[in-house]
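First comes the structure, then the notes that go with it.
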C-alpha cells in the first residue's frame with residue numbers, strides 16, 4: 001500500500017459481519033436520513049424496506065407494470081418518499097407510508113442512478129444519469145426532462161442542450177456520466193468521460209465552473225459527504241480522490257457569480273477552469289498500489305471521517321477503509337462473492353454491503369465484553385499485583401458524611417418532553433415531521449393451515465423443526481418410515497418388516513419342544529412390552545397353533 005496501516009484502536013469502524021439479510025435477490029441499497037430504515041432494490045422490480053432496528057421487513061413496494069431489475073434507490077430528505085430506477089428505463093416515485101405509487105415516468109435510456117432533490121421535503125424533481133445519455137433533470141409530475149451540458153463544445157458555444165421532446169439531426173454518443181446534487185440542491189456536480197468535474201446551475205442549464213482531474217480518466221462516481229464539506233470521485237485510473245468543497249454550504253451559486261465577474265479571461269473555457277480552481281481543493285488520492293484494483297461504490301461515513309471503497313474484482317468481497325488523511329485503516333474480507341453496492345450507516349459504525357448473490361451483509365464493530373465496567377470501584381488486572389492498603393482504607397466513616405459529599409438536587413424538575421436537537425441533524429427543519437419508523441402490520445394466519453401446523457409440530461422433534469411446510473411434511477414422512485426401523489443388522493431389519501405380513505415359509509410339523517414352549521406360554525401371562533418396534537437378538541421362533549408356521553417376532557407381539 002502507499003500508506004502504512006494505522007492503529008485500528010484509534011477509530012470506531014466495523015470489523016466483522018454481524019448478520020445478513022435475505023429477501024429475493026437484492027442489488028442496491030440506501031439508508032434513510034436517520035438510519036432507521038433500509039431500502040433495497042431487487043431484480044424482480046420490487047423495493048424492500050427493512051426496519052433496521054428489528055431486522056424485519058417493514059414494507060414491500062411493488063409495481064405490476066415494472067418487473068425489471070432495480071438499478072438505484074434514493075430516499076427523500078425526510079423519508080416520506082422513495083425514488084427507484086429500473087433497467088426498463090422507468091422512474092417510479094413511491095409514498096413510503098401508504099405504499100402507493102405517486103408518479104411513473106419512462107425515459108429513452110436506461111437509468112443507472114437517480115437521486116431526488118435534497119432541498120425539498122416532498123420533492124418531485126430528480127437527477128437521472130442514463131447509460132448512454134447526458135445527465136438530466138426530470139420533473140416526475142409532468143414527465144418533462146432537461147439534459148445538462150457535459151461536453152466542452154456545448155460550454156464554449158453556449159448552446160442549450162436539446163430536451164427530450166426535441167429532435168436533433170446529428171446523434172451524439174455519450175459515455176456513462178455520473179452526477180449528484182450538492183447538499184442543498186442548488187448545484188449539480190457532474191463527472192465526464194474526459195476527466196472533468198462540471199459545476200452546473202441546473203435551473204438555468206449552464207456550466208458555472210470546470211475542475212480538471214489529473215490523468216483525464218473517466219469519472220465513474222461523484223459522492224458528497226453528509227455535511228457537504230467534502231467530495232470524492234472514483235475514476236477509471238483506479239484512484240479515489242478526496243476534494244474539499246470551498247464553496248459555502250448555502251448560496252454557492254451566488255459565490256460562483258461573484259467569481260465569474262472577478263475573472264476577465266476572453267476564453268470561456270479557460271475562465272470556467274479558473275473559477276473551478278476556487279471551488280474544489282484536492283486533498284488526497286487513495287489506491288491499492290499492489291493489486292491496482294478498480295473501485296466500486298465508494299462513499300463517506302456518517303460523520304465524514306472515514307472513506308470506504310469496494311474492490312471491483314470477481315470472487316472477492318473486500319472493503320477498504322481509509323481515514324480522511326489518506327491512511328489505510330483496515331481491509332474487510334467477506335465471502336467469496338463479488339461486491340455490488342455499499343452504504344455506511346448515518347449514525348453508527350455499521351457498513352452494509354450487497355453481494356452478487358443478492359445477500360445483504362451487515363458489518364459491525366466487534367465489541368469485547370468488559371464485566372468490570374459494571375463495578376466502577378473495581379479494576380481489571382491483566383496479572384497479579386501486590387496491593388498496598390492505604391492508611392485510612394478501613395477507617396469508619398459516618399453515613400452522614402457520605403451523603404454530604406453527594407450533590408443531589410431532589411427538588412429539581414426533570415424535563416422529559418423537550419427533545420434535544422441532534423448536532424448530526426442540525427439542518428433538520430423541526431416543523432417538518434420526519435418518517436423514522438413504519439407501523440408493524442401483522443400477517444393473518446389461515447385457520448386451516450394453522451391447525452395443520454400445530455398438529456404437525458407436535459409430531460416433529462424440536463431439533464428438526466424448521467418452520468417450513470416442506471420440512472414439516474418431510475419430517476412426518478421420516479417419522480412414519482422410521483417407526484418400524486431397527487438399528488440391528490440388515491437381516492434382522494428384513495425380519496422385522498415381515499412381522500406385519502404373512503411369511504411365505506414351508507409348512508412343517510411342530511416339534512415336541514415347541515409344543516412344550518407353547519403350553520408354558522399359555523399358563524404364564526405375558527408381560528406387556530413397549531411397542532418400540534425394535535427386535536432383540538435373543539428372539540426365538542414362536543409357533544402359531546392355527547397355521548403351524550414359524551413366525552419370528554417379539555414375545556409380547558400379538
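Glycine is treated like the rest: Cβ placed from N, Cα and C.
Per TrEMBL, compositional bias 'Polar residues' is recorded for 465-496.
Summarising the annotation, TrEMBL assigns compositional bias 'Basic and acidic residues' to 511-523.
Sequence annotations record features per position, and here TrEMBL assigns region 'Disordered' to 465-558.
Annotated repeat 'WD' per TrEMBL: 26-60 (among others), in sequence order. For the repeat 'WD' (26-60), same-chain residues at least 6 beyond its ends with a Cβ under 8 Å from one of its own Cβ atoms are 19, 66-75, 77-79, 82, 84, 86, 94, 96, 99, 302, 340-341, 343, 345-348, 352, 354, 358-360, 425, 434-438, 440.
What TrEMBL lists as repeat 'WD' is 70-104 (among others). Within the chain, the repeat 'WD' (70-104) has long-range Cβ neighbours (under 8 A, six or more residues past its boundaries) at 27-34, 37, 39-43, 45-47, 49, 59, 61, 63, 110-116, 118-124, 126, 128, 138, 140-141, 429, 432-436, 438.
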> How many helix, strand and coil residues does the repeat 'WD' (70-104) contain under DSSP?
Replying inline: 0 helix, 22 strand, 13 coil
> Within the repeat 'WD' (26-60), how many residues are helix, strand or coil going by DSSP?
Replying inline: 0 helix, 22 strand, 13 coil
